[in-house]
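Here the structure is laid out as structure tokens; the discussion comes afterwards.
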Amino acid sequence: MNISESSVLGTVLPLTSFENVLVFLFNIILATAIIFINVSVFIAIVMNRSLRNENRFMYMLSTCLSDICTGVSYYYAGVMDVRDDFDSPTRTLYIVPTFLGLSYMAILAAQADRYHAVSAPFKYSQRMTRNRTLLVILAYWVYAFILVAVYNLVTTGVAKAVTGLGTFVANIFSVIIMIGLNLRLFVIAKFQLEREPPSEERDNKRASIYLIIIVAVCFLIAWLPWFLLTTVCTFRGGSCYPFRNDGTDPLRILARVNALITPLLYIRGCTPLRSTIMIKVWRIPCCKSKRFMKGWSPEHTQTCTQIHTQFYSIQFTCAACLWIVGEPVQTNRKASHCDTQFVS
């Protein structure tokens, strides 16, 4: 039963078939996973002072915060029978889409930050202080919610017109900028940094560039279909809801999946962040050795060894730990620990 025909808000699909139950459970699991992973990254950055001292991790904090809000709101927008449109009685007053847009702006700002940092490091250190970085983040958060206020104060017709034109222009220019920055950052990482003498600073720059490039590419893959649909709807003047609701629309689901992919890429691509999460946040037993906590030199590798029979559950957790970091599990050693290689 559709929400327009009933005063009771139902689930995303009637739970009358196995397929509908799977869709319902998938949306619940997706919302939970988004919250869990992003909260883990957020807590790890807050707990680690060395991470907080780098500007790029401030943008990670911003992304995680907006994605946490996306995950929480998806319990409503994705699990229930909700059409988040201007004329829908179940709309969220344009607040839920704003959280997705904030992640988009955070990634775009992080790209510009990395480009400025590697192309003009001396000027970057003078201009982009911690306070100015936080001011940039605050600025696009305030800007986003000013737009929300405007959309809710004007009439529905004006809001649709402003949203359609503004979304079209913003999508075109921001996607072009994001692709251009990706290409420029790749050229810098591939050729310009190769001319610098080998050093830890050069490796850190290269690792941070590759990470933001991969994050931006995954973002474009997840968002371009929705961007294209919105653009088509702008010119057609029709509704952008070819499906029953948000929880059954694959394009809107794909945009939410990106809120899960982004923090996983942060964990996979940044070793200090990954080690902080595993030791201090998740408290994985096999990763609590002193050498893991102090960090290894680049010559060390990550291994997780076989432990006693009575600790099979811990061994399984350790194997999952190594699957996240992308290293093979070795069971031919007698010690029980996880080692790490700091590359960024």
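For all residues, glycine too, the Cβ spot is worked out from N, Cα and C.
Fair warning: this is a prediction, and the values are worked out from it, not measured in the lab.
Quick look at what TrEMBL lists:
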TRANSMEM  20-45  transmembrane segment
DOMAIN    37-266  domain 'G-protein coupled receptors family 1 profile'
TRANSMEM  57-77  transmembrane segment
TRANSMEM  92-112  transmembrane segment
TRANSMEM  133-153  transmembrane segment
TRANSMEM  165-187  transmembrane segment
TRANSMEM  208-229  transmembrane segment
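The domain 'G-protein coupled receptors family 1 profile' (37-266) scores a mean pLDDT of 86 in the predicted structure. If you look at the transmembrane segment (92-112) against the transmembrane segment (20-45), you find fewer than three C-beta pairs under 8 angstroms, all six or more positions apart, and that falls short of contact. Against the transmembrane segment (133-153), stretch 57-77 has more CB pairs under 8 A than any other of 20-45, 57-77, 208-229. For the transmembrane segment (165-187), the partner stretch with the most Cβ pairs below 8 Å, chosen from 20-45, 57-77, 208-229, is 208-229. Within the chain carrying the transmembrane segment (57-77), a Cβ under 8 angstroms from the stretch's Cβ atoms is held by residues 27-28, 30-35, 38-39, 41-42, 45-46, 51, 84, 92, 95-96, 99-100, 102-103, 106-107, 109-110, 113, 130, 133-134, 137, 141, 246-247, 256, 259-260, 262-263, 266, 273, all 6 or more beyond its ends. Residues 56, 103-104, 107, 110-111, 114, 117-118, 171, 175, 178-179, 181-182, 185-186, 188-189, 193, 240, 251-252, 254-255, 257-258, 261-262, 265-266, 269-270, 344 of the same chain, all 6+ positions outside the transmembrane segment (208-229), place their C-beta atoms under 8 angstroms from a C-beta of that stretch.
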